[in-house]
Structure formats: C-alpha cells, structure tokens
C-alpha cells in the first residue's frame with residue numbers, strides 16, 4: 001500500500017503527533033495489561049531518538065464526550081509509559097490549545113474521547129489537532145476502521161500524515177496473507193454466531209483452499225450438513241446460508257469441512273463433563289463445545305501443509321480446559337507450520353497466550369474490529385486517508 005512511513009521522515013525538531021491505541025484495562029488505578037502499550041514502544045522510541053517533540057494521542061474506554069471522567073483518564077497509562085521509557089511522560093489535560101514539549105521528550109494528551117466531536121470526526125476539532133503538529137503519525141491499527149477526529153480527520157489537515165511502524169507492519173502482514181497468499185491458504189473463523197462473521201465467511205469462502213469454522217459458527221454448518229446439534233448454540237435461520245457458503249467454497253476449488261466428531265457437555269460450566277461423540281450421535285440434551293480429537297487431527301494436518309494461515313477465533317470453549325483441546329491442537333499445528341501465519345481478534349490472542357504460542361505465530365494483529373474489516377475486504381478509513389495524503 002502506498003503510504004508515507006514515519007521511519008522515512010526526518011523528525012528532528014519536528015512536532016510529531018502520534019495516534020496510538022493505548023486503550024488498556026485498568027485495575028484499581030493501575031494498568032492491568034500493558035500489551036498495547038508495549039506494542040507502541042518502538043514507534044515512540046524511534047520518534048524520541050530522532051529528536052522529535054512527541055505528543056501522544058489515544059482513547060480509553062467509552063466516556064461521554066464533553067464530560068471528562070476520572071475513571072477514563074489516561075494518567076495511569078502516562079505513569080506506566082514513563083516507567084517503560086525510563087523518562088517522564090507528563091499528562092496534558094487541556095492540550096487542544098497547544099502543548100509544551102521539548103526535543104526528545106514525550107507528552108501524553110488526555111483521552112481524545114473527552115473532546116466533543118471526536119467520534120463524529122468533527123472538522124473543526126480535527127483542524128485544531130492538526131494545528132498542533134508538523135507531522136501526524138497514525139499508528140493505531142485497532143482503530144483504523146473508525147473515521148474519527150484523531151484517527152482520520154486530523155490526518156487530512158496535518159502538514160504531513162504518515163503510518164507508524166506498528167500500523168505499517170500490520171498492513172504488510174495482512175497484505176502478505178490476503179493479497180498474494182502462498183498456497184494452500186487456510187483460514188480458521190471461530191465465534192458464537194455466523195451472523196457476526198457473515199461478511200468474513202463470504203469473502204474468505206471465495207479465496208481460501210480450506211475454511212475451517214469453529215465455535216457456535218461450526219454448529220450452524222453441522223446442522224447445514226444434516227446432523228443433529230441438540231441444545232447447542234446455532235442459528236436455524238442461517239442454515240441455508242451455511243449451505244450456500246459451502247457451495248461457494250466448492251465452486252472456487254476450496255472447502256468448508258464439517259467436523260466428524262465433537263466434544264459435548266450438558267451445561268455451560270467449568271465443571272461439566274466432556275464427552276466425545278460422532279457428529280451424527282449428538283442427542284437432544286447435548287451442547288457442542290469443541291471439535292473432537294479426530295477432527296482436530298484432520299484440521300491440524302491442513303495447518304501443517306498450509307502456505308498461508310489466517311486465524312480469527314477459537315474452535316471451542318477454550319476457557320474451560322476440557323473444551324480447549326481443539327483450539328490447543330490447531331494452535332500448536334499453526335505454530336509448527338512452515339507457512340506464514342497471522343492471528344487476530346481478542347479471543348484468538350487470549351488462546352495464543354494461554355497455550356504459549358506467541359513467539360511461533362508469524363504475526364499477531366493488534367486489531368479486533370479493524371482486523372475483521374480488513375479480512376472482509378473493506379477499506380479502512382484511516383488507511384484510505386494515508387494513501388490519499390501520500391499522493392498529494
């Protein structure tokens with residue numbers, strides 16, 4: 001993708017406004033999980049070491065615009081960031097009128113969502129943000145699918161708008177996986193409902209060699225193949241759609257395989273007994289919570305042979321260990337594969353962490369909704385803006 005990269009610019013002495021995704025969970029006023037903060041560090045360090053005057057933007061939570069809420073303040077993030085960087089990172093509360101920052105220093109601007117007009121991509125607000133800087137850096141892939149003042153509007157009016165290293169790496173990895181994938185290409189799409197992932201399923205069914213479905217989504221496909229699903233979560237009104245998707249995959253030389261065995265339980269709880277059954281032996285009281293060992297082995301074989309793997313969603317209720325074997329086996333097969341693998345989505349990343357796979361997956365996306373929209377083939381507003389500015 002043709003965008004200007006921050007790493008190609010001379011930043012010395014420049015006022016550099018960087019939009020990161022520092023929307024992290026807090027517990028008792030402290031950062032509970034700093035994964036997103038750590039992901040942003042290479043970008044921030046590069047700007048500081050280049051002698052830039054760095055201003056950082058992010059949202060946190062969902063406060064009501066125009067009503068600053070102490071519970072959504074970025075102060076704990078500023079304190080945590082200061083520790084990681086080994087230098088002071090002041091929090092600027094009233095930053096829209098200007099920020100005092102020296103070369104090689106960073107200031108974190110208070111929650112962008114405290115400003116009226118942020119979510120609506122208000123032009124006047126975007127222009128005030130743009131007036132703060134010489135260079136605007138969009139580095140928050142996780143919010144690239146939202147056209148908001150701090151992710152889109154500001155970039156339209158800043159003197160220079162570019163992609164930060166984290167965003168550039170995301171686009172490169174996703175481009176490699178989707179635009180010219182090494183074959184065979186395999187995708188895993190898990191989740192509770194077909195309806196929430198319908199666009200992804202439709203797009204991928206035309207592209208991939210194998211589209212493996214998991215979770216509640218798989219139950220709808222199991223029903224579409226004519227098997228009983230008992231009391232399992234599934235969408236009866238989308239059974240015909242599931243059949244269509246299977247036909248589409250076949251017409252494009254691919255397949256959406258259906259499990260031959262499953263793991264069932266009688267209730268959704270951590271201590272319910274797990275029972276392996278053939279897919280045609282599920283009874284009226286059963287709930288399907290995972291793929292069975294035979295199916296897991298078959299799918300794992302596909303992973304090991306794949307040239308490209310896209311993973312979005314677990315294949316079972318992996319939060320309960322007795323229903324996590326399918327996800328674990330597929331995750332380990334992806335980690336062992338010589339193919340290029342990309343994983344994204346909150347539950348997927350949680351599974352990657354649980355089974356200790358992080359350093360063996362080629363790329364782990366920081367985006368949830370943005371990752372999904374990219375898989376759907378949609379244009380991300382922030383990326384479209386950067387492309388337009390690159391051709392100014």
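Glycine is treated like the rest: Cβ placed from N, Cα and C.
Given the structure is predicted, the values throughout are model-derived calculations rather than measurements.
Of the residues proposed, 172, 179, 319, 325, the one Swiss-Prot records at the same ATP site as 197, 345, 346, 347, 348 is 319. In Swiss-Prot, the substrate site is described by 21, 22, 23, 59, 60, 61, 62, 113, 146, and among 36, 53, 75 the residue recorded at this site is 36.
Between the alpha carbons (Cα) of residue 345 (ATP binding site) and residue 23 (substrate binding site) lies a span of roughly 15 Å.
Nearest neighbour of residue 113 (substrate binding site) by Cα distance, taken over the binding-site residues 197, 346, 348: 346. Here the C-alpha separation of residue 197 (ATP binding site) and residue 61 (substrate binding site) works out to 24 Å.
When Cβ neighbours within 10 Å are tallied across all protein chains shown, the highest count among the binding-site residues 23, 348 belongs to 348.
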